[in-house]
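Engineer: What follows is a single structure, and I will ask about it in a moment.
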Amino acid sequence: MINTNKKIHISDVTLRDGMHAVRHRYSLEQVAGIAQALDQAGVDSIEVAHGDGLQGSSFNYGFGAHTDFEWIAAVAAVVQRARIATLLLPGIGTVHDLKAAYDAGARIVRVATHCTEADVSRQHIEYARSLGMDTVGFLMMSHMQTPAGLARQGKLMESYGAQCIYVVDSGGAMNMWDIAERFKAMKDVLDPATQTGMHAHHNLSLGVANSLVALEHGCDRVDASLTGMGAGAGNAPLEVFAAAAERMGLNHGCDVKKLIDAAEDIVRPLQERVVRVDRETLALGYAGVYSSFLRHAEAAAAKYGLSTFDILVELGKRRMIGGQEDMIIDVALDLLNQG
């Protein structure tokens, strides 16, 4: 059973993961409007950055319409109660970028690594703690690690100073049992004072269900986004999660009607590619592929006259992970040569 008295930390990711859905092209006016609506609806934190984190704007990942710091400052200017979060991937963002994000208004940082590479996060986690930031370890592609292995990686991040460890279903490839096993393993090894979080993707339509199961196993923080705005088929849709949680009597602290209105009136009209489960986004969950590969794979498929589905499935077979976007072209050329 889920503790109905426990306050769930609602972490919105519309302005970070949602960047993938608009090719990192949110205007400053758009981020301010979305953030204001989220703040008024009662979310606890609002993550702001390029889809691939601080300094993700690049040829490899896609150029942003603005800098991370401009987006963060635009949000900081309008929010009254929610804390601003940001994402940092070691090797893309640096501690200098983190300081700039802090100066712009960010007070939570999620330091993200592949689920086998927690050791590269030490410098960034320690520096974030020295700034007094709420510091989170974010283990991407968690389906590619065993529950025990993932827990060991989480313990490493905790030892560096992380105050919360996230199970991150970047591929939207896990089911409820997968989530339960990973949270049980985490709770077995982490200090009771260390929180845990869930970041779902909706590629198998399990984003909300997986988030609820995470709560059943002691999860403290839940990521979600308006309309599910995010990579692939998106994240757990925030307005849906909040409605489901309310029907279960859970303490999420948000105004469901305000979330629904913000989703429909502000965010959904911005989707140039509808965020939903379809042939291509289902391929991500089916093959266990990093969700942000979607738009890159679609571009490669269009360029070479191939099926996006086939490219994504082959990427899954090769166990490609975040940061290997350049391999999408290699896979496309291999498929082309195979006829």
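Each residue, glycine too, has its Cβ placed from N, Cα and C.
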Engineer: Since Swiss-Prot lists Arg16, Asp17, His199, Tyr290 for substrate, which candidate among Ser45, Ser170, Ser211, Ser307 does it give for that site as well?
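Structural biologist: Looking through Ser45, Ser170, Ser211, Ser307, the residue Swiss-Prot assigns to the substrate site is Ser170.
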Engineer: Tell me the Cβ neighbour count for His201 (Mn(2+) binding site), meaning other Cβ atoms within 10 Å of its Cβ, over all protein chains shown.
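Structural biologist: If we count other Cβ atoms within 10 Å of His201 (Mn(2+) binding site), we arrive at 31.
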Engineer: DSSP three-state call for Arg16 (site 'Transition state stabilizer'): helix, strand or coil?
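Structural biologist: Looking at the DSSP assignment, Arg16 (site 'Transition state stabilizer') belongs to neither helix nor strand, so coil.
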Engineer: At a 10 A cut-off on CB-CB distances, which of the recorded positions His20, His199 has the highest count?
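Structural biologist: Counting Cβ neighbours within 10 Å, the top one is His199.
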